[in-house]
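Enquirer: One structure is given below, represented as structure tokens, and several questions about it will come after.
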Amino acid sequence: MAVRAHRLQSAKPLTISRWWSNGYHGQPIAFVSQSVLFYATDDGLRFHDFIDKDFQQCTTLQANGQGVGVIAGNADVHLFAYADYQHPPVIHLREFPMMSEVKQFTNGAELEYTAIEFSATDELLALSSAPDYLLTIWNWRSGMKLAQCETSKKELVEICFNPNSWNDIGILYRDQINFYTCERRNDKYSLFERQLPLELFNQTIAHNRPTNQPSQPYDHKKIADVIRLYPSRFSYTLIDSTIGIDQGASVQLVAFDTENEEAFQAYVDERAELVATSFCWGDNGYVFIGTSNDALIQVILQFDRERQPFRTTLFAGEEASKTASSLGVFKTIRLHQQGLFCTGSDNVVRLITFDKHDGALQDVNNVNDFMELTSTLKSIAFNQSYDSLFVCSTQGIDMIDLLTQEQRPVALVPVSLGKIVDVAILSPASELAVTVRDTGALEAWSMADGTRKYSTKIDNQSISHIAANPVLPLIVVTTITGYFYFFEVDTHGFRLLHRIRVHSNDVRCIKFNSRGNILISVGLDNSLFIMEMKTEETSAEDMFRIIYRTDLEGEPFALDSDDFTNQRHVNEGPNETQIELDDEQNGNTKEKLAETRIIIALTTKTEKHGRFLIVDFDWQQYRETRNSSLADTIINDSNTKIITKTVFAIYDTIEDFLITARNQLITIGGKVLRMCRIPDETGKAGKLISVEAQDSLAGLSTPGGYLYKNKSVPSWILGVSRSGILSTIRASNMAVESSVPAHSSLAGGCHKSAWSVDSKYFVSIGEDNSIVVLQTKYAGRLMARNGYSTEEYNRIMRNFHHMPTYDNAPLSLYETLYDRFTTYQTKFESANMTPPLPPKEDASWIQLKEYEAALQHLDAHLTSKIEIRTELEHIRKDIRDLMAINDKREDKAKLDRREFDLDAEEQDRQRKEREALINKMREETIAQNLTRLMKREVIKQQCWDAMSVKGRCIEGIINPIRKPSAPVVVENYPLIPRSLDELETIRQVIERRRIEIAEKKLRRQIFADNPDPNGTEGVTTTRPEAPVTENEDEHDKQVTRSTALIGSVCNEFQVDSSVLYNQFELYTQEQKWTQIALLNDLIYKIKEAFNKEFENVHQRKLQELAKIRERNMRIKQINADLDDPSPVWEPDLTEKEKPQLLFEVKDSEIKSERYYTPEQLRILEEQRLNEARRRELERLDNWRERGLNDMMNGVLQVRREDELKKEIPKPAFALEKAEEDWTDAEKQAYQQYLQKVKEQKEEREKLRKVLTAESMKINEQIQESCQAFEQVLSQLHRRRITAQTAVLQEELKISRIIFSLVKDRLILQLEDTYENRAKFLETKVQDLELSKRALEDALVKVDVEKRRLKAEDTFDKQFPREFADVPSVLQDSLKRLLIKRSKMKQPKPPEEYNPYSARQARLIELELDRIQSEADSFTNAPTNIVRSVWDRFVDFRRKRTELERQLRLQEQEETMIKSLRSLRDGELNRKNNEFDQLQNNLITTKDARIDDIVDLYVQIVLRQGQVEIESQPAELAPNEYRNTDAELIHRREIEDLNKSIIESANFKIRQMDKSKGVINDITSMSWEKEKLIYEIADLRQRAQDITFLKVTRNIQEYLACPNDAAFEAQKQREMQMLEATIEKMKERFAEQQVLKEEDVQKLQRDNLSIANVTLAVDEALQNANVNLYERKNIIDQRIIEQSKVEQRERMHQVVRRRRLVDLAKAQAQEVAYLRAEVERLRMKTFPALVQIEH
């Protein structure tokens, strides 16, 4: 029977509150006093008091879940402010150190604040983020909102008050800086904005200066003269200039002058962009701006002037200057009396000093590296007295004393580098929490105030988890490589006791049991380890022993364990047994550990569900086994008495779980909590029983997270979601009682958490490394030291202290294995065998164990191995002898060497490896070839196949033997086919143009037929008339064509250019765009026309080559007849002329040997054999060749040349006899033979001469045809030049038209810019005038207020009346005190480091307030004065002081208003002048736009060598004007050109006069148009009716068929197909029916088995209900008995308390009486004491 769970209902609720938070990672800091700084951390503020260098006090202020955003501090009045993340957000103003809230400021932002800042006086500013971007200023003393306005909607870089005047505010963006002045208008304040774009300080702004104007001379040296080198690693360049506020925004009109294109191009060029990174205020009205390209900009703010002086200093490192890269020197800049401190992206703090000049720009004097950090540097800050520099980085806050130039040895806020990956809380006696980072850093934090006590680091390791012993000050740290580090944590820090590599991979979960005597870990190597901690051992290796290991059937993701003990009550009687305990009764038990249950959640890749592995560890069996065994016991899975493993399935999604009872779990998955019961059955083999949820509750606010339990409060569970919400869950019913935000939304949620053993603290780590500690208001009581007695605990601690520190020594197991390896190595070397590999020192425990098992196996078989090795050596020697004998035998008697190979398997293995390697290389080669082929196809598709006209050329036919010269080469135009959209666009443009031409022609005819009735005809007759041709249409066509082709030679290619616009008609943008489209089409047509001519010439070349081949055949025959071996020139097309040859790779082009596969070799061999067989058959029975040889001597035609080649045979007697033996007949025959030989020689010589002449003639014919083709090709080449000229001329037209379009657009944009700027200036002028009037009104009010205050200054007259009841002596003393002025001491020396002069006045004001407060003390009152009189005098003096202060304020305000008024006057004059200049520029721009429309670019073609020159300047004498490089042009050409222009102009004027009467026709045409529109509507309606005519699909198919037979055949085929489909569906239905019936039978069998199981479960449930009610009755009876005993005890306590109260009252009365008696006796002796004093 299963053990029933304890009762989990607690008597008291568990409430949690925030204790402290920490976590610095470089966020900004602020100061609330001279020695206290603070920063925001997660949901709170962290305060550090650094006045004591050895011990600093830390305080945390929690924001109660509202979050903390931006912060600000005021050290003068000890105030700080922060913004929360409510909706809408609120700014909280609090006082330090009381932390009490002074005020709240609202309505400043919609979503959040990006910055808040205190001024040097009583103002607070705030800047909000999107979507409102509001700048708000409050008076924090009164809480009144002074001013509010919208700012630029850009990303903020920095914002700051002017330290010398709160009225000035600077806001820096990436591309500009805005300055706001808070002005008082009547009783309200307003913010006046000025914007300075960084483009004004960009030196490339000089491109906007006209090129024909001289540059402004600079007052400083040249750039090359001011480059200096300093002791730092940097050199810098000074570039000084002065520029107006908006000069960079305005562009001179000359940039668009058509005669100054260089200036226009300079404007179009891009300029380098300046990106601001930080800024700070100077002391005398200037600011410093740092940029990302290492440039420091100084700007003197003089808004009443026309220009703003500035200086740009460019810093460049020696290495950066070579690579042209920036170092990011000005990441943050802060001004100090010593110079400018700046931080860079290279984590170096630098100090830049200046040669100070009052009221002028500062000259850089020196640059020094002040400090270098190893971590990422964030920002720097000064304290209130500017005597200390605080450097903020990701490693903490470093403090540098600027008086002594010394750095604090320890960081003010020390932080280790890296991300916090885990946290653990030590035993309650330590009061420490330990965090670990992935970089190997360990940090111990105090639970009291959150300070870091000490830290250490594990080098070269990345930490993953940490676990703390619940009893002892011991932690275990794991790494991602599986190492376990055991540290003792004492008052001195961390001490490493032991190190061992347990897992071979990262650890997934690690945990101590509740007693702290075993350590459980699971890793990603899918293994479970249990390590026992034997506290009685003296060495660390013996103390931490692995006692169990097993493999897991999946990857673990969660782990939990619980100890189950046999408990008995201390006061237990013979008949009483305490079974169930509340939380408060846990301390009255003695435990004896009986069993530890370990549950691991696993995920498997092969199964859809997870698994629960339950491991039960029996301690009693383990103790008995360990006591009976002398050596260390390693538990095996076969020992089921000690270890019991059970596996269950998980079908629910879970993220974490807890063991609440032996057979009960609580899991979390998403937002759902589930209470699950572990079944008692283990299930059958191959089938797992699942853990089902008995109850579930979707009560969590956010999904995911972790669950935590505690032995001291077992009735409560804490759940932390990944979003950072901490929930308290009642374990009995899983009800969520409360939820507390542990982390704000900015922290990124919760990463890891830990709950202390005594349940007092809960520590949570955020994703941003923030540490939050929460405290429980009620904590359960835990048994002291978890069951350990005091003596036993002290003995364990002494044992820990005496244990030596780990010195990186190897494990004893490794040393033992290495010694054994050394022994084996000696044995193997003596036996000439290869020894085993040595053990690795960094091997894991299981690897060492496997090595040990291997050595044990080696021990068992070492002798056999040595014997086998010896036998193998003998066999090898015998085989070598046999091979030597075999080599000496004859070839026939020799054996193959493979006969001597004994290891055939090894050979086969090597052969397979070679084949695998070859196959792999072949596959890689094939893949590479496929890739190249794919690229080839893509390139070919884009550059060859897609071309409608392929690119090729024609080369001249030149014989290199006779004429070694380069041939003429002519290329064609490759053309890409135009798409349908392009063709349609061109068609539409041409149609529109033709319609326009027809309309123009018709309008001209109408004007000719209808002259103007208003008398304009007479006007036209006064103009010079051009000669009129007989045919007006032909004249129009001629003029139109001639004007369209001016500037181009495209008319030589017979292309249609009639639709082109005349160059004198391109006025509008529509005409220009149309002309561009028409010119592109014209260029395409020119190329097509040339390609046609090119194709004709190419065909002629092919014909010429064919003729040359025919003639070469005759030449070859002649050479063969003449036995001439000279080569014959064979011209052919080259690869350029026939580009298709490039795609064919010949075998001769491949230099490497071709590789043939065995299959290819086999095919080639078969082809060779077939060819040989065919030739053999032809040779055996070739009757044609045999007949030709037998009948005609092998030739069909007898040639004279062949006959002459035959030699005349000598007579036989000439060969057989000597010449003396010849007869006369023989001699006569021999003479005849000689005569024939002579005649043959003559015939041969004649034939040679004839053939030679014929060959020369043929060569001359070939040369003539080549020369003729050369002439044709030369003409084509000239046509190619003409075509290219026409194309370039048309493209030049297009370029000029595009240039004019771009210029028109830029001029329009410039005009819009001027208009917008003028409107802006007009509004600005109105605002300035309003501001000026408001300032004048304010000045009048201030003057009135001053007179009123002076009239109220009657305190000298009021003093006698006010103090008439005071004696004259005291009245004189009070008069002197009233007149007396407070004397102020000199400010402290450290204040001289503050660079701002207004700080001194502020210190004086604060000092005066302090002296006045001290003077108002009653200790400074005259003697014998009454307290009430002194109070009246103090009030009287304060009123007078307040009146004087108000007078001073009014005078200061008057001075400020006057300065602002003068500033407004200057700004108003400057804006008016700028407005007038803009109006002039706008008029000039409009005139330029009109001129640009009228003045057209006309392209004229001049003959070669003719250029246009300018006329003689009027200021030069005729003898001084020389044009030596010019050529004269005949005057007739110019006159003809002018004449044609005049004729065209006259004709145009005449046609314009005739076109005035077309308006009436246009009106009539409009009526005709409306009529046609109505007809079109009727036709469309008729077409719509036809469209909606119903035509069924059957009718459509019938109409589609040619005849009725085809329609019937189609229907018959459809019917057959339908019948076949129905048959297939029937067969499929039958098969599916059989399968479904089998599934139904299987489900019925499963239902029957489930029903049987359900009956058994119901029976067990009935039995459990009976037991439950029995126990309930027993418990109720016991509760009644206990309540009676408690009532009696409570009555006794009430009586006892009443008696004590009565006794206390009696004693109090007695004490009061004695005190009265003492007072009476003292008063009785009082006069005597006075006499003694006198």
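Just so it is clear, glycine is given a Cβ too, placed from its N, Cα and C backbone atoms.
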Enquirer: Of the ranges 537-592, 985-1040, 1433-1488, which one does TrEMBL list as coiled coil?
Expert: 1433-1488
Enquirer: To which of the residue ranges 180-207, 684-711, 768-795, 1608-1635 does TrEMBL assign the term coiled coil?
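Expert: Of the candidate stretches, TrEMBL labels 1608-1635 as coiled coil.
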Enquirer: Any idea which of 1109-1165, 1223-1279 is down as coiled coil in TrEMBL?
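Expert: Comparing 1109-1165, 1223-1279 with TrEMBL, coiled coil matches 1223-1279.
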Enquirer: Please find, within the list 597-638, 849-890, 1311-1352, the residue stretch that TrEMBL describes as coiled coil.
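Expert: So the range that TrEMBL calls coiled coil is 1311-1352.
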Enquirer: Using a Cβ cut-off of under 8 Å, list the residues of the same chain at least 6 residues beyond the coiled coil (1608-1635) that approach it.
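Expert: For the coiled coil (1608-1635), the sequence-distant neighbours (Cβ-Cβ under 8 Å, at least 6 residues beyond its ends) are 1597, 1601.
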Enquirer: Averaged across the repeat 'WD' (500-541), what pLDDT does the model get? Just tell me the whole number, please.
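Expert: It averages 88.
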Enquirer: For a three-state summary based on DSSP, what are the helix, strand and coil counts in the repeat 'WD' (500-541)?
Expert: 2 helix, 21 strand, 19 coil
